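The repeat 'ANK' annotation in TrEMBL covers 2-34, 33-65, 67-99, 98-130, 129-157, 160-192, 191-219, 221-253.
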Amino acid sequence: MSVDTSLFTAARNGQTDIVRLLIENGADVNKGERDTPLCKAAGNGHTDIVRLLIGNGADVNKEKRILKDTPLCEAAGNGHTDIVRLLIENGADVNKRVDDTPLCKAARNGHTDIVRLLIENGADVNKGERDSPLSEAAGNGHTDIVRLLIENGADVNKGKWGTPLCKAATHGHTDIVRLLIENGADVNGGEGDTALPGAATNGHTDIVRLLIQNGADVNKGWDTPLCEAAKNGHTDIVRLLTEIGADVNEGKQDAPLFEAARNVHSDIVRFRKENGADINKRGWVR
């Protein structure tokens, strides 16, 4: 095993004395087949080794060869606040990303202190490759981070794979849905599906009601909220949507009655027929 390979292994495993010895004997602090020693030490929370590697010339912005994460991304995503601070103090780029920014990773995983630290050091609250930091936090239920991002200028309607409101509604995070709406989120925004179909699909009755109270279009979505609720057997939501005027025969793929019948939701079938659903209308047969 070469000294370079040994350095990577020692850095990964937190063996500070061995790391020091290998560096003294000429190991390259920036060399690694897939990860650099610094990336691995940062991701695994080995603060003393991170400090030692930086002190001996490790590049704080050098990416992993395959996944392209930087040491800061690794530390931020895994919640190592002291290492995040140390890397920033030594010139780490808080906005560098190929897969995700450090802020996106910290927001997704609920590391509030790191989110705050990154913002204080210039992280762009709207920058992300897969999704925005706000969408990541909203979809994963991190209310404090959602609030912190909004306070620092995050766009409440920006998201690559669904708006923050869509993510929060789909996953049942009622407090975040309310917080986003209070801060200007568009209840009918989103490419394809809006927030209401997501909530209806997963049976989040309180969120469905909250969205409707704030002007959500009950007939908008890749498939209508009523179709999604009927398909998944959410009787209370079917009843609620019908009572406020959802089209009982409208569906982008199949009519709500057909969705309920195919999925053997007999109570919904009965309710739909009682409320004027066309028993002969369906759509695609799958």
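The backbone N, Cα and C atoms fix where each Cβ goes, and this holds for glycine too.
Automatic prediction, not curation, is the source of TrEMBL annotations.
These numbers come from a predicted model, not from an experiment.
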Composition by DSSP (helix, strand, coil) of residues within the repeat 'ANK' (67-99): 16 helix, 0 strand, 17 coil
For the repeat 'ANK' (33-65), distant same-chain residues with Cβ under 8 A (at least six beyond the ends): 5, 7-8, 10-12, 14, 16, 19-20, 23, 71-72, 74-75, 77-78, 80, 82-83, 86-87, 90-93, 96, 98
